[in-house]
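Asks: Pulled these from Swiss-Prot:
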TRANSMEM  33-53  transmembrane segment
TRANSMEM  76-96  transmembrane segment
TRANSMEM  118-138  transmembrane segment
TRANSMEM  145-165  transmembrane segment
TRANSMEM  173-193  transmembrane segment
TRANSMEM  241-261  transmembrane segment
TRANSMEM  289-309  transmembrane segment
TRANSMEM  354-374  transmembrane segment
TRANSMEM  420-440  transmembrane segment
TRANSMEM  441-461  transmembrane segment
Amino acid sequence: MGFKFLEVIKPFCIILPEIEKPQRKIQFREKVLWTAITLFIFLVCCQIPLFGIMSSESADPFYWMRVIMASNRGTLMELGITPIVTSGLIMQLLAGAKLIEVGDTPKDRALFNGAQKLFGMIITIGQAVVYVMTGMYGDPSDMGAGICLLIIIQLFIASLIVLLLDELLQKGYGLGSGISLFIATNICETIVWKSFSPATVNTGRGTEFEGAVIALFHLLATRSDKVRALREAFYRPNLPNLMNLSATILVFGIVIYFQGFRVDLPIKSARYRGQYSSYPIKLFYTSNIPIILQSALVSGLYVISQMLAIRFRGNFFIGLLGVWEDVEGGGPARSYPVALCYYLSPPESFFSMFLDPIHGLLYITFMLGSCAFFSKTWIEVSGSAAKDVAKQLKEQQMVMRGHREKSMIHELNRYIPTAAAFGGLCIGALSVLADFIGAIGSGTGILLAVTIIYQYFEIFVKEQAEVGGMGTLLF
């Protein structure tokens, strides 16, 4: 049945544009160039406003998700990577649950990737329609059908560009994946901007700079009481401060430290005597996948909640999912404490837990539980479970030292499921910690940025080992 499903959608997959695999080995310098070009195109799209929108100044219900989903409100990158991540999540879960069957042949894998791309485009259209019809860019009746259609087309084309850029890197022309690159860039851009932004903000204390570092020097230069100026630079409310920046650096260090935790299982060649190696099982076995899936889940819930809240305002059951209110100044939309979306969003600060401890406890439980669950589930649907690793080692004619071939799965099962679940739990705990201590860019965003940067570091090290020397790599 699953095979028939993929065959049915095959004619539709053909009409989608596709990046061909390189016919030759791409040199490292070329990969760096293509990665830079991809990033440049993405950043340009982040700055081009959507044509035809009447307003994007209303409260933003997806404020907390934008950094993680690499989206920028009111621009071509409005949807960011959300359609790609959502389609990939759903297709992987369907394949893992055996609802659709995907073989190991290149033809089946290509068909599955095409179906994932097609599903992503369908999600893009659906999400764009929801955004337009719920009034995110103005009243649809005032804009007219033509302008509404034009906005949907712009969002569709922009998402297609993102999909092709991601495919370009994944096919081997660049480094890593487009999704990871865009997420890390968006998060790092947010951190740098909130640290060094020269923009000024009028507060009750006078005009201040938005950037935490620039604000420090400005306060020291303009305040006569230097001790008070330092205190204000470290603890000023409602604007980035040096405590936020210090918390961000602390979380970076903690995540990098935990990245080094792993168990090396000794393996040897079944064909050649004396050839020994090791198979590493990291603490973060599934890397940043749990937090990405958790973010996609919450983002989808926000979209549904916002749409239903607008269409069925005042409905009691819809209100249980999320009742949204606008914050003055076009700030992020928030939900009332009676709504589910409120309890799935991070508290404002650690001290907010004392004002509403139920919110804090439910948020912690949700983060830890969902990350552990997604991590444990992902190894089953992505081909990285114990049985899959044992199969890979067998194909490479490698066996674990001290164990027969048949007992490898049992030995791997002692480590891999535990590493996946506990690693996901640690990812969730670090995200909660970063949220509570006020790290810039949200706890989830910091974790994604660090893990992605670490992945790119490993790619550089691997390329260096293959080519030899950093000077050879770059010059």
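Our numbering is plain: 1 for the first residue shown, then up by one each step along the chain.
Each residue, glycine too, has its Cβ placed from N, Cα and C.
Tell me what's around each of these sites.
Replies: Long-range contacts of the transmembrane segment (354-374) within its own chain (CB-CB distance under 8 A, at least 6 residues past either end) are made by residues 286, 289-291, 293-294, 297, 337, 342-347, 421-422, 424-425, 427-429, 431-432.
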Asks: Okay, the transmembrane segment (118-138) and the transmembrane segment (173-193): do they have at least three CB pairs under 8 Å, pairs separated by 6 or more?
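Replies: No, the transmembrane segment (173-193) does not contact the transmembrane segment (118-138).
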Asks: To the transmembrane segment (33-53), which of 76-96, 118-138, 145-165, 289-309, 441-461 is linked by the most Cβ pairs under 8 Å?
Replies: 145-165
Asks: Where among 76-96, 118-138, 145-165, 241-261, 441-461 do we find the most Cβ pairs under 8 Å to the transmembrane segment (289-309)?
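Replies: The listed stretch sharing the most Cβ pairs with the transmembrane segment (289-309) is 76-96.
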Asks: Mind pulling out the one from 118-138, 145-165, 441-461 with the most Cβ pairs under 8 angstroms to the transmembrane segment (241-261)?
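Replies: Ranking 118-138, 145-165, 441-461 by Cβ pairs under 8 Å to the transmembrane segment (241-261) puts 441-461 first.
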Asks: Spell out yes or no: are there three or more C-beta pairs under 8 angstroms between the transmembrane segment (76-96) and the transmembrane segment (145-165), with each pair 6 or more apart in sequence?
Replies: yes
